[in-house]
Amino acid sequence: MNFVYLVVLCPLVSFCLLLFFIDYLPKMLVKKIGIVSIFISMIITFYSLFDFLNCGKQCVFYIPLWVWISIDYLKIDFNFMLDGLSITMLTMTTSIGFLIHLFSSWYIKLQDEYTRFFSYMNLFIASMVLLLLADNLLVMYIGWEGVGLCSYLLVGFYYSKINSGYAAIKGFIITRIGDIFLILAIFFIYKNFGTLNFRELKLIFETTNVVENFKFLNYVSLFLLIAAIAKSAQVPLQTWLIDAMAGPTPASALIHSSTMVTAGVYLIARMNFLFSLSPIILYILGIISCLTIIMSCLSALVQKNIKCILAYSTMGQVGYMFLALAMKEWTLAINHLVTHAIFKTLLFLSAGAVIILLNNEKNIFNMGGLRKKFPMLYFSFLIGGASLASFPILTSGFYSKGNILFSALENNYYLFLVLGLLGSVLTSIYTFRMIFLVFCGAQKYRAHYVFFSRTLANTLPLLILILLSTVIFVLIHLPLSSVFSKTTPSFLINNNKLLFEIGCSVLSLLGMFISYYLFLVNRMLVDLLLNTKLGNFIYNFWYDSWGFNSLYNILCVNPYLYVAKRLKHDPINIFMSIPITFCFFVSKNLKYIHNGYLRVYVFSIMFGLFLFILMAIRLYK
């Protein structure tokens, strides 16, 4: 357990090596450094996990490193904490990170910026691991900023393309809004409680009457909520996530599965003792999550880009995690987070393979019939999509999402339940729409196939993820009992749960059959609807992310551009030139006094002497 700091150090050292020797290392050595460092971190994580489980689920390990800040009464330690939540997230991040790295060695092998890609990916994982292991908010903030920086670097990886640069800047600025509110929350927490340590804060909230300062708790909870929804791409700060698809597909898989997007969920789960005392903020969180679920599902229904569909699906599934958090079902949220990380990685890697094999074709309407050409990719995409759509009995997503929805029923959150079930149907429709258009029907591809050679790098990650996306993962129990007081919901033995699961199964299958009918059997019906004015308006409205991009352009971008255009000529110079003009005016008029005539000088002396005598007489009196 004392070696857990190596989980951060290994990818960090590999990042430094790859960055400093970017022009000197051969591709084979770059691949070994990048992958082996993450593999070592994963092995150490598994060793720590087994050690943690052997000590009992109630154990919490503290790894002291050094005193970071010590100024008078301000003392911040740079220490690590390993409890059930952090070890769960750590295992997920390093394991999925290793599989993505392994797949990336095949995916990006023909590109020139091989070294730069692996250096960014390793820094990304190091930052996320630091965020997860931090025992206080300030150390966590370093990792929080680190994943934001790495997301910017990876989204803008193809910097020669102007759209990639714009997408990277957009994502960085929007998530920066959340970063500002997070640092404000950190300041307020330290000012009122004198500590940023998670353990000490939890003890304060459990042993003292902090409810008296009700407004303060709501303000801090609101600031943390804004930070979380910005990082996890929830309404209304969700627009950056779709543009983030400009980066390489393995980077998108890492962002969406186990790092950037999940950081907001982890933040709220880690600060659960604070949010438990802010029911108003939790209800707002529930409303935001439901809106995100519905809006993302409807937007995914009209997308053509396969990566954009997966991006909207991430928004929706993270919405379910936030819905669980809003109902104080912390364990269910983390369970769905881990489940989603697995099948979403599977979907992104499969989509990446399809894209690279079709010469970078991303439009699903230009694909079709790929199941015959690539049965392995079809099977992996089918399993991942089925888990995303909560296909009954066989998939892990059916149980993790079903538990969240049943919790809404048990706790009388009927609005959340109805919207969550509607989102489940819509998820099934757009997921199988994507599968049917890409892998079924007639072959519509225009590009020539690239030869798909099965290697360990592009096959093993898919096989492992396929296995974990099934019901097998349900047998794995996450060690969260020491973190959350409510870890075993009573409805697990409720007889009504069987009926509820049957209902969810019917809805999932209904969505699949609707998708089959609309996009394989009777495509003319969809075309007929889109040809109407109303249908075309709705299509464009959903396609443009419900007008959020246009709204932000009007409210933020256009005023900024207007001010920048005005400041281009520096209007301050107008005011600064006034003293200069006055000095020139005075100088111009004073020069007429010095004209060289003696009579003028004598008159000036006499006049000055006369004024001096008058002043002296006045002062004497």
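Backbone N, Cα and C atoms are what each Cβ position is placed from, and that goes for glycine too.
Record features, source Swiss-Prot:
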type: TRANSMEM; residues: 2-22; note: transmembrane segment
type: TRANSMEM; residues: 33-53; note: transmembrane segment
type: TRANSMEM; residues: 59-79; note: transmembrane segment
type: TRANSMEM; residues: 169-189; note: transmembrane segment
type: TRANSMEM; residues: 210-230; note: transmembrane segment
type: TRANSMEM; residues: 274-294; note: transmembrane segment
type: TRANSMEM; residues: 306-326; note: transmembrane segment
type: TRANSMEM; residues: 374-394; note: transmembrane segment
type: TRANSMEM; residues: 412-432; note: transmembrane segment
type: TRANSMEM; residues: 500-520; note: transmembrane segment
type: TRANSMEM; residues: 537-557; note: transmembrane segment
type: TRANSMEM; residues: 597-617; note: transmembrane segment
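Same-chain residues lying 6+ beyond the ends of the transmembrane segment (274-294) with a Cβ under 8 Å from its Cβ atoms: 201, 205, 210-211, 217-218, 220-222, 224-225, 229, 234-235, 238, 268, 315-316, 318-323, 325-328, 413, 415-416, 419-420, 422-423, 426. Beyond the ends of the transmembrane segment (412-432), by six or more residues, the same chain brings 286, 289-290, 293-294, 297-298, 300-301, 303, 309, 312-313, 316, 319-320, 323, 326-327, 385-386, 388-390, 401, 404-405, 504, 507-512, 514-516, 518 to within a C-beta distance below 8 angstroms of the stretch. When Cβ-Cβ distances under 8 Å to the transmembrane segment (169-189) are tallied for each of 2-22, 33-53, 59-79, 210-230, 500-520, the top count falls to 210-230.
Counting Cβ pairs closer than 8 Å to the transmembrane segment (500-520), the top stretch among 59-79, 374-394, 597-617 is 374-394.
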